[in-house]
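Student: Please find one structure pasted underneath; my questions will follow.
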Amino acid sequence: MLNIQNYSASPHPGIVAERPQTPSASEHVETAVVPSTTEHRGTDIISLSQAATKIHQAQQTLQSTPPISEENNDERTLARQQLTSSLNALAKSGVSLSAEQNENLRSAFSAPTSALFSASPMAQPRTTISDAEIWDMVSQNISAIGDSYLGVYENVVAVYTDFYQAFSDILSKMGGWLLPGKDGNTVKLDVTSLKNDLNSLVNKYNQINSNTVLFPAQSGSGVKVATEAEARQWLSELNLPNSCLKSYGSGYVVTVDLTPLQKMVQDIDGLGAPGKDSKLEMDNAKYQAWQSGFKAQEENMKTTLQTLTQKYSNANSLYDNLVKVLSSTISSSLETAKSFLQG
């Protein structure tokens with residue numbers, strides 16, 4: 001670049017002005033290097049290819065077995081985090097979009113915002129927005145949907161599945177706790193063992209820890225909490241009673257509904273005192289009346305799990321549909337970039 005300060009006009013007519021002075025070693029002359037269009041397209045291809053790979057991995061986790069363990073949830077969370085990182089790279093590189101692609105992404109990632117429960121407002125597109133800003137908006141929103149919506153449901157279903165499995169383990173012992181009475185008109189039920197196991201399960205899920213909290217989703221050490229407003233919002237979304245909203249530390253959490261178990265224990269107490277052998281003998285009519293109430297509470301627990309599983313499935317489908325829109329857009333952009341280099 002021409003440095004005008006290195007030229008000096010001659011004070012005498014007819015004398016040629018001095019030539020530019022050579023910069024000293026201590027001086028630095030900056031030269032802007034503008035990457036060629038080919039180099040830019042090559043960078044786009046790398047970024048788009050990486051994003052396409054991460055999208056495929058995310059789709060595989062969405063199609064796998066529903067999350068019922070911490071390991072499954074961790075795998076899904078990692079896939080979502082890697083997808084978000086690859087989208088951030090697209091935003092930084094400014095991969096260009098066609099007008100149709102721009103509108104498709106704006107439409108897809110703006111529509112679901114009102115249905116989500118995000119701790120922070122999701123990015124909203126302006127009337128005029130650059131391609132880089134579109135990618136940034138998509139990255140922010142898919143991260144919020146994954147962590148604050150789908151991620152919550154994954155945790156809810158995992159915790160509730162473990163809870164119901166523990167209850168099912170108690171049911172599996174019922175055959176050994178039920179014996180015939182003195183004649184064909186009575187039965188003997190080991191109410192002490194049944195009550196003890198039910199109380200143990202109630203006490204376990206009355207404790208607030210990473211294995212018992214439905215919302216917020218837990219990870220790492222300690223217990224994460226939310227504001228009361230956020231917790232109440234999810235309490236309503238999960239259709240759980242107020243007893244599931246609990247204050248903990250500086251915030252609030254939503255826990256498993258223990259009402260059915262507590263009603264079971266109450267009904268057992270209503271049967272009367274057991275004998276010295278911990279069993280209670282009753283006529284068939286009394287037993288059948290108790291059994292009917294017990295099964296009704298069991299059905300309530302089963303219905304709650306089925307409802308939460310369906311809500312999780314809906315959240316999974318919403319996220320999957322957004323990922324499909326992304327996959328189509330990125331595949332199209334990748335083909336365009338490759339065609340430019342080949343053409």
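Note that Cβ sites are derived from N, Cα and C of the backbone, with glycine treated the same way.
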Student: Tell me which range among 1-26, 27-52 Swiss-Prot lists as region 'Disordered'.
Tutor: 1-26
Student: Coiled coil per Swiss-Prot sits at which of 183-210, 295-322?
Tutor: 295-322
Student: Which whole number is the mean pLDDT over the coiled coil (295-322)?
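Tutor: Mean pLDDT, the coiled coil (295-322): 94.
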